[in-house]
Amino acid sequence: MILGPYIAVSPLIVISLGGALLMLAEAFSHRREESHDRRSGPSSDMALGTAITLLAGAVFSGAVGFVGPETLEGFDSLAPYLVMDRFTLFFSFVLCLGGALAALLAGGYLPEHRLDRGEFYPLLTFSTVGAIILAGAGDLLTLFLGLETMSLGAYALTGFRRTSPRSTEAAIKYFLLGSFAAALLLYGGALIYGATGHTDLAGIGEAIAGAKGAAAPNPALLLIGAALVLVGLAFKVSAVPFHMWTPDAYEGAPTPATTFMAVAVKGAAFATLLRVLLGAFGSPALSSWAAGWPPAVAVMALLTMTVANLIAGRQESVKRMLAYSSIAHAGYLLVGVAATVRASEDAQASVMFYLLAYTVSTVGAFGTLILCGSRGAEAVSYEDLSGIGKRHPVAALAFSLFLLSLAGVPPTAGFFGKLYIVKAAMGAELYTLSVALLLNSVLSAYYYLRVLVYMYMREPAPGAPIARPMRSGYVNAALVVSAVLVMVLGIWPTTSLGIAVRAVLASR
């Protein structure tokens with residue numbers, strides 16, 4: 001079938017063409033310096049165009065991966081460089097969905113905060129393209145290409161508020177630490193190539209396993225290279241102790257950019273982490289509990305969720321608290337990654353479902369934070385949310401739903417995400433990590449419920465400005481979609497989990 005490979009990469013083609021059109025629209029548009037109606041400024045049309053582009057990418061990902069035929073000729077035509085299998089297409093759907101919702105949030109946020117510059121949207125679109133390439137990378141060179149394409153856009157989005165010293169500082173920190181992590185990953189890849197003679201993940205795995213008469217790789221080069229690659233990817237998923245950039249970057253960036261980084265950058269990094277660990281490093285030489293990567297991932301999981309939850313409870317900034325919450329969720333996901341050694345299919349599917357549930361819950365939480373801000377000012381502290389439950393009950397109810405999902409309270413999507421992770425960990429006999437995850441979930445309830453206390457049980461301080469949530473159709477649309485998906489995934493979780501299992505089995 002001649003069109004096979006083009007059908008497989010159709011999400012990338014659609015998003016890339018849409019991003020190019022967005023750049024042209026921005027370049028040739030005649031923008032007004034100041035719009036009389038800030039909600040109909042130049043970014044409004046760009047936000048809608050970006051959301052449509054990324055939703056089209058999500059539709060193509062779902063149609064090609066899960067509605068089309070069980071087998072598609074040409075799926076492996078781009079291998080080993082880019083593997084557009086059902087595993088990649090599942091993540092492509094999640095990444096496009098997260099990017100589209102972030103674009104809708106930006107459509108309301110940017111004009112409100114006088115950041116109405118259209119270049120935000122092409123940056124977000126092409127960063128999503130890089131994220132999909134990263135998720136489907138079957139070669140270390142493609143992995144690095146996707147990583148940098150995604151990261152360069154994320155760096156620019158972090159510093160998008162150019163007049164803010166905090167935003168500039170956050171962007172510089174993110175860029176410097178991100179470049180250092182990328183250099184470590186690149187050097188690790190070079191060492192792995194020197195040890196195995198391969199850059200494709202399948203070839204690396206065969207060389208390590210000694211398949212097809214391959215010469216035994218140099219163990220010292222291999223271990224050092226694998227460790228450096230793991231460190232580089234741990235930085236992208238915000239695992240402790242490589243998380244220091246996350247709170248500053250998330251707090252300093254415009255909130256829609258923070259949302260995109262929290263869902264798309266993290267999601268793509270976990271996709272490639274699974275592919276690298278189970279593909280290139282899946283042989284017994286590197287996947288044993290005695291001398292392989294599972295102990296390192298397990299320790300990172302334990303540290304990440306515990307340290308992040310302890311620090312999150314001490315924050316006075318709600319946005320910074322959500323940043324540490326994002327780090328804690330990376331720890332929960334790492335528990336699922338560690339479980340893939342002994343319960344591969346169930347653990348991978350649980351990670352994929354958790355990322356979908358985490359994406360819609362996180363978008364909703366940051367989106368409601370945008371909505372609860374006063375006109376032209378963000379809701380930053382807990383005090384800023386005082387009394388929201390009485391003055392704006394719908395916004396408070398939405399925020400409560402998303403926070404309860406992040407806390408893992410039934411019947412939300414977040415509850416079943418954690419349930420499936422714990423089930424996979426128990427099946428892999430990771431009892432310590434399972435108990436630690438449950439205890440950390442209880443610990444996280446403190447800072448999530450603290451927000452509810454301020455919204456429903458506290459009154460604003462005397463003389464404090466009364467918050468008047470913005471009226472934005474784009475933000476409201478993103479919140480409605482997120483809320484519906486949180487409840488749908490919570491009421492019918494087995495459907496999405498079954499799709500994830502199909503994706504895992506089809507990628508083998």
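In case you wondered, yes, glycine gets a Cβ from its N, Cα and C as well.
Quick look at what Swiss-Prot annotates:
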- 2-22: transmembrane segment (TRANSMEM)
- 47-67: transmembrane segment (TRANSMEM)
- 87-107: transmembrane segment (TRANSMEM)
- 126-146: transmembrane segment (TRANSMEM)
- 175-195: transmembrane segment (TRANSMEM)
- 220-240: transmembrane segment (TRANSMEM)
- 260-280: transmembrane segment (TRANSMEM)
- 321-341: transmembrane segment (TRANSMEM)
- 351-371: transmembrane segment (TRANSMEM)
- 396-416: transmembrane segment (TRANSMEM)
- 431-453: transmembrane segment (TRANSMEM)
- 479-499: transmembrane segment (TRANSMEM)
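Stretch with the largest number of CB pairs closer than 8 A to the transmembrane segment (220-240), among 47-67, 87-107, 260-280, 431-453, 479-499: 260-280. Remark: the transmembrane segment (260-280) makes no contact with the transmembrane segment (431-453), by the rule of 3 or more CB pairs under 8 A.
The stretches the transmembrane segment (87-107) and the transmembrane segment (47-67) meet in space: the count of Cβ pairs below 8 angstroms, excluding pairs fewer than 6 apart in sequence, reaches at least three. Taking Cβ pairs closer than 8 Å, the transmembrane segment (351-371) reaches residues 90-91, 94, 97-98, 101-102, 105, 108-109, 255-256, 258-259, 262-263, 266-267, 270, 274, 318-319, 322, 326, 329, 332-333, 336-337, 340, 378-379, 395, 398-399, 401-403, 405-406, 412-414, 416-418, 420-421, 469-470, 472, 475-476, 478-479, 481-483, 485-486, 489, 493, 496-497, 500, 503-504 in its own chain, all 6 or more past its ends. Ranked by number of Cβ pairs under 8 Å to the transmembrane segment (479-499), the listed stretches 321-341, 396-416, 431-453 are led by 396-416.
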